[in-house]
Amino acid sequence: MKKLLSIFLMAFSLNAFAQTNLADVQLKDLNNQPVTLSQYKGKPVYVKMWASWCPICLAGLAEIDDLSAEKDRNFEVITIVSPDHKGEKDTADFIEWYKGLEYKNITVLLDEKGEIIDKARVRGYPFNLFLDSDLNLKKTVPGHLGAEQIRVFAEK
């Protein structure tokens, strides 16, 4: 009975995202310019949700930087931070802090309204989102994922 319930809950949670499209979520880049995820339409997208106070998130940034630099990927790699949400710095403080880091290949977008947190039901950090080429949320995975794990999930 427990197995049946577990299978039902997993199937239900996957279907909960079936209609969640993130194309029109309003974000900003590190220059405070407006961005929507729609510019990534056409390729699957991996999104790492993270926070500046999260040591596990910070430990994984070098690997995300390397993955972001790869030219032969068949999926996009972006990261999203939510200023003023879940204990994160405000926008200006985060941008100033991030500019002091050495990661030059990572695309960092800011979700100031917390829309992604709400739509994807982000419970903690790091939190990974996998979007299809139409930017529908197809899978979420909490916790750290290495580059090889990201490739496996993104290419499914």
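Just so it is clear, glycine is given a Cβ too, placed from its N, Cα and C backbone atoms.
In the three-state DSSP reading, Cys54 (disulfide bond) counts as coil. When Cβ atoms from all protein chains are considered, those within 10 Å of Cys54 (disulfide bond) total 19, not counting its own. Under the heading disulfide bond, Swiss-Prot lists Cys54-Cys57.
Residue counts of the domain 'Thioredoxin' (19-156) by helix, strand and coil are 41 helix, 33 strand, 64 coil (DSSP-based). If you look up Swiss-Prot, you'll see 19-156 marked as domain 'Thioredoxin'.
The signal peptide feature in Swiss-Prot is assigned to 1-18; the stated evidence is sequence analysis.
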